[in-house]
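Presented below is the structure to which this report refers.
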Amino acid sequence: MASAHPNDIEFRSVTKAYGAVTAVRNINLAVPKGSFLALLGPSGCGKTTCLRMIGGFEQPSEGSVLIDGREMNGVPAYRRPVNMVFQHYALFPHFNVEQNVAYGLKQMRPRIDAREIDRRVQEALSMVRLDGFGKRRTHEMSGGQQQRVALARAIVNRPSVLLLDEPLAALDKKLRSAMQIELQTLQRELGITFVLVTHDQEEALSMADQVCVMSAGRIRQLGSPQEVYDRPADLFVADFVGKINRLNGRLEPGGQMLRLADGTALATSGEHSLPAGPVIAALRPEAIRLSRQETGPNGLRGTVTHRIFLGSGVEYAVTVAGLGDFLVTADRGQGSEADLAAPGDAVTLSFDPAAVHLFSPSEAA
Amino acid sequence: MRALVTFVYLFLYTPIVLIVLFSFNAGRNASEFVGFSTEWYGKALSNAFLMEALQNSLIVGFTSAGLATLFGTMAALGLERVSAKTRAVFDALFAAAIVVPGVVIGIATLVALVEVFGLANSLIASVWPGEAPPRMQLGFGSIIAAHGLFTMALVTMIVKARIASLGRDIVEASSDLYATPMTTFWQIVFPQILPSVLAGFLLAFTFSFDDFIIAFFVAGSKTTLPIYVFASIRRGVTPEINAIAAMVLVASLILILSARFLMRDRTANS
Ligand SMILES: Nc1ncnc2c1ncn2[C@@H]1O[C@H](COP(=O)(O)OP(=O)(O)OP(=O)(O)O)[C@@H](O)[C@H]1O
Ligand SMILES: [Mg+2]
């Protein structure tokens, strides 16, 4: 299976239409060997369709999908060196856990020795921490356990690529974070390329080393989690990946100054290529500093209207006259409750020029 | 309302209860019960004509149900692969086949078979080298064909419902795990639909075994069990007929209950 080709998966101008619905539009994408890619986007943006085209359950209407440098158009699912973990697990109900996990190995030609199959099945089960569950019927297991069986059934075949379609969507929050860590560990240990579909931005950012943000069948941005979060390519990405505060304003000639609707002038980093004129500025809630003193440049005066205690931090809603509501998250710090701002307090919001992301209003999503 | 319901049930079941009751009547008269006896069962089972009719019914039942199950299952599987529009057309046709009255099917099959036999026989006669060319005529073949066609619709509906509840997930999972379509069918799909295939067979058999109307039209000189019973009661209802009816009733009930058991909702325990 090892080859010199650097990419496990490549999309070349792939378009997929279902009748009148175009699910995927002209996508180009390369997934390097051993990487962990997350396809992230809102419902209906074409994530599952992309995954199914890699798995061989759908064929592109135009363009081609390559696996390990080989063009896969027309190659059926059962001849592709990839395995999929289905959203609803799709375990075989008439088989027990072992039989489910052994299924792929039993199909391999030349045949694998029965003892070898058994050894690898047990190894896979212990990798997903299901030792001793081999003889169970799958419907006698919890959702999380079934999920692990599905995972074991896929990784036991040592595919070059593992495809995961929202594999954690049905699990509760605690189990989900535990499985996220396990999946990540597994991916590093096995060195298999993972392609994960999710609409949960936290999941994508925390697990993947490449995040591909999609909307309406197109790729909006492809980059590392930090890039996508810190330098969103457009307003859609900024909005979808994390929370933002949106401000309408005008960029002054020279591009260094942003004039807001109420006349306030804000400094910007200047690292953009927008012409002077109307722009939309985006600010992450945690990039805003909130203080009860009147301080510094890039400051806006406002009044706290709500305070939400998040456990690890605090979230404030602050109304700024003429500009509207701002969302601000702050560390809880070591201070007592008296140190926190309370609803009704007058506060100053300030931020680094570098934290202000500017977008052209035409691409507003 | 309650009284009405009670009346309907009484109306439906009293005759059946009476038939079973009088099959155990020691006397010959159907109007008075003189004592318990199983002699009519013995009489029925040693009646050579009746046994031949039973044998005919079993041959027709097994063959037609077997063919209906084979083709009905294949049709159900095939319909999975056609476009939604084509499938809707076939669904409607199958549903129609089930609601068409037996009389209509009987007459239609008879007319069709007579036409075909007429054409085929003259064709065979024209090419046959010898003196007496073989002639196709009504008989087992025609009853089997008529029953098989009708019950195939039944099997298709039952198996299709099961396939629909399976979903495409496990089929795709199997294919994802390197199984060829053939392996996927035998390892994954077939074990899942087998109970409904068996249920379809049992219902098809029960239908064929109990059917009088269609068989009456196309049987030719052959006598099936219902045809024999019909012919006998023209000479008066004897307790022997009651015994036969009771046995057919019990056999049919067992078959139908088995079919229902096979078709029960498995999601409850899975
Ligand atoms: N088999 C199909 N036939 C017709 N349209 C389809 C089919 N599968 C998907 N679509 C359409 O293609 C678009 C993309 O679907 P896809 O399943 O890829 O979305 P997704 O990003 O996975 O969404 P979700 O997060 O809801 O799963 C949707 O508009 C959907 O309605
Ligand atoms: Mg999806």
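For all residues, glycine too, the Cβ spot is worked out from N, Cα and C.
Summarising the annotation, TrEMBL assigns domain 'ABC transmembrane type-1' to B:54-259.
Taken from TrEMBL, the feature transmembrane segment covers B:7-26 (among others).
Residues or ranges marked as transmembrane segment in TrEMBL: B:58-80 (among others).
Marked as transmembrane segment by TrEMBL: B:92-120 (among others).
Here TrEMBL flags B:140-163 (among others) as transmembrane segment. Among residues of the same chain six or more beyond the transmembrane segment (B:140-163), those with a C-beta under 8 A of the stretch's C-beta atoms are 56, 59-61, 63-65, 67-69, 71-73, 75-77, 79-80, 91, 94-95, 97-98, 105-106, 109, 113, 189, 192-193, 195-197, 199-201, 203-204, 207-208, 211, 214-215, 217-220, 222, 224, 263.
Per TrEMBL, transmembrane segment is recorded for B:184-206 (among others). Same-chain residues lying 6+ beyond the ends of the transmembrane segment (B:184-206) with a Cβ under 8 Å from its Cβ atoms: 61-62, 64-66, 68-69, 72-73, 77, 147, 151-152, 154-155, 158-159, 161-163, 166, 170-171, 174-175, 252, 255-256, 258-260, 262-263, 266.
According to TrEMBL, the feature transmembrane segment maps to B:212-231 (among others).
The transmembrane segment annotation in TrEMBL covers B:243-263 (among others).
Beyond the transmembrane segment (B:212-231), the same-chain residues lying 6 or more positions past its ends with a Cβ under 8 Å from any Cβ of the stretch are 49-50, 52-54, 56-57, 60, 102-103, 105-107, 109-110, 113, 137-140, 142-143, 145-147, 150, 241, 244-245, 248.
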